[in-house]
């Protein structure tokens, strides 16, 4: 790649030196070849591979001077469209404008995206946007699940009122004991009497939440094992609600971000809207006047002549521009071609042109010699 780049630069330097000797009359050979290639491009065609005569990545075309107006071929005259609409032009240029020929951004130095398709001026390729939306969807689903789990756990299994009121006790069992190997029995008092509760070391227990003599488990946790104090349980309760709020916020932001990326993926560059191909002319048919009007081809101030019975596609090539549109069919009482004024260019001889075509369902006028 480095050797090819050096050869292209040496070729450009030799051509610049030769152009200076000849007074700047000749154009650069490689630039004229690229302009000729640009003039024969088709906007919607995509080729399978790169062009064989393209310069390597990082050539001197990024700083190429602006080509003169007379050097631009007829195929690209007046069009400031980007040449990156074809995959074969990806390794050559990004755009052709009065300012010059610009190399594609993928072939600037330190670029690692030289093999992707050209996306016509988008911020990122469509695949990147689609992958981002998919990963954001996974994050949105995960945030929703975490918010549900944290909120349900904090709301149903932790009762903060006895903890905040100081009605829970902490049992440590002394130093050197682990909470899973040392157990003791404590006495809890309730409305039904008193009962014995086995607790482990480093446990915060609440007798108000423990149902003495009941075989059904308590809906709320009455003991918390492996804490340093009962205040740690209060902190855990607050952290669960903070995690729920953050997960809900991440859920909303993920949905909004996915929507914005979807909008960016479907955006069209402003250059395509400004310099895109013009739409085909619309054909408007008025059954009352039997006239085919071609919008976009005829000026609105042009009058409709009365001496021609040929529509626009059937006019002879030598006809004047004033006869661009005419009646499709003539009734019996209308003026015949032999009654036209001589100043309008009509002759009494039969017209050598082909008769007009009529729309389906319409009756042609009778033959008049």
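First residue shown is number 1, and so on along the chain.
Quick reminder: no glycine exception, Cβ is built from N, Cα and C everywhere.
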- What range among 244-264, 265-285, 286-306, 307-327 does Swiss-Prot record as transmembrane segment? 244-264
- Task: Could you tell me which of the ranges 108-128, 129-149, 150-170 is annotated in Swiss-Prot as transmembrane segment?
- Result: 129-149
